[in-house]
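Step one of this worksheet: look at the structure below.
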Ligand code: NCD
Ligand code: ZN
């Protein structure tokens with residue numbers, strides 16, 4: 001192998017949307033070709049709110065896995081105001097539910113049954129703290145008075161400090177962080193507070209949403225931010241700080257749902273996720289930091305063993321297709337029709 005090849009311990013994706021049915025079957029191989037495990041988001045319709053629903057969803061994911069591929073779905077429960085401490089005890093005992101996901105009601109795709117008031121979940125947080133079950137947070141306020149670009153910093157300021165004070169041992173992950181404020185909060189927080197970072201937030205700033213016209217395929221939530229925030233995310237991702245780990249937030253939506261008068265939020269990256277992260281780390285001169293971010297920090301945070309197999313990336317540019325199949329309907333993947341510098345050796 002040339003010095004341009006890069007071999008890593010097989011990585012995991014700590015924030016992934018797999019959906020269900022034909023769409024699940026279409027997207028799962030993109031993730032499983034590279035990642036050994038993924039934290040699977042519970043925002044189905046209806047959401048995955050109980051251990052029984054998570055068990056059935058896990059079985060559907062495993063049934064959709066093509067023969068010869070190995071992949072372990074790490075399930076999550078969708079937190080609602082009806083979730084009970086008993087649900088948490090059951091989740092903890094299940095062995096396959098690894099976290100609980102908090103969506104502020106209405107914050108993003110399929111978040112209608114989310115939480116309106118964090119205080120209402122305090123008995124559940126108490127149980128999660130006791131059972132060491134991590135709370136995964138979509139960290140944005142939904143207050144319509146708050147500027148859409150400020151919703152994450154306002155969440156950090158209004159809610160995170162309080163949560164950390166009231167539940168000093170609760171394991172927390174601030175998901176898909178997008179701002180300097182979130183990055184600094186997690187950097188300065190205790191070791192049981194972590195954050196995932198997506199490829200789009202490392203590679204793009206908000207100009208991508210308006211490049212030559214309105215670009216619905218660059219719209220996700222939390223929305224892309226200005227360049228200084230992107231730089232702050234690159235800095236923490238490549239710093240070696242174990243609080244930051246890979247979470248693609250790959251979120252498939254059919255082309256027609258994104259190219260609409262009210263286009264939905266979500267960027268699909270599973271077809272090229274590790275390759276895109278490699279680009280971002282290389283641009284920062286930090287390829288040597290990619291393996292820990294992609295393959296060690298998340299497993300260590302979740303208390304799971306690190307993977308033992310490896311993957312190899314080759315410096316061989318390839319062109320991303322204009323469309324991918326989303327189970328009978330087309331979807332537009334990140335970087336569609338454009339070149340990516342790295343290719344996964346398969
Ligand atoms: C996600 C989706 O499509 O499910 N969309 C997104 O923009 N990230 C939901 C989410 O993680 O917010
Ligand atoms: Zn997500």
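Numbering starts at 1 and runs along the chain as displayed.
Any Cβ shown, glycine's included, is placed from N, Cα and C.
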Which of 176, 192, 201 belongs with 101, 138 in the Zn(2+) 2 site listed by TrEMBL: 176
Co-listed Zn(2+) 1-binding residue [TrEMBL; alongside 15, 17, 101] among 188, 241, 249: 249
Candidate from 159, 229, 253, 256 that TrEMBL assigns to the same substrate site as 17, 18, 19, 43, 138, 221, 265: 253
Those binding-site residues in 18, 43, 249, 253, 265 whose CB falls under 6 A of ligand 2, listed in sequence order: 249
Distance [Cα-Cα, Å, rounded] between residue 265 (substrate binding site) and residue 101 (Zn(2+) 1 binding site): 18
Residue from 15, 17, 101, 176 whose C-alpha is spatially nearest that of residue 253 (substrate binding site), among the binding-site residues: 17
Any further residue of that chain within 8 Å (Cβ to the Cβ centroid of 101, 138, 176) of the recorded Zn(2+) 2 site: 15, 41, 102, 103, 108, 136, 137, 139, 175, 249
Sorted by sequence, non-15, 17, 101, 249 residues with Cβ within 8 Å of centre, Zn(2+) 1: 16, 39, 41, 43, 136, 175, 176, 196, 247, 251
Overall pLDDT of the domain 'Amidohydrolase-related' (13-312), taken as the mean: 97
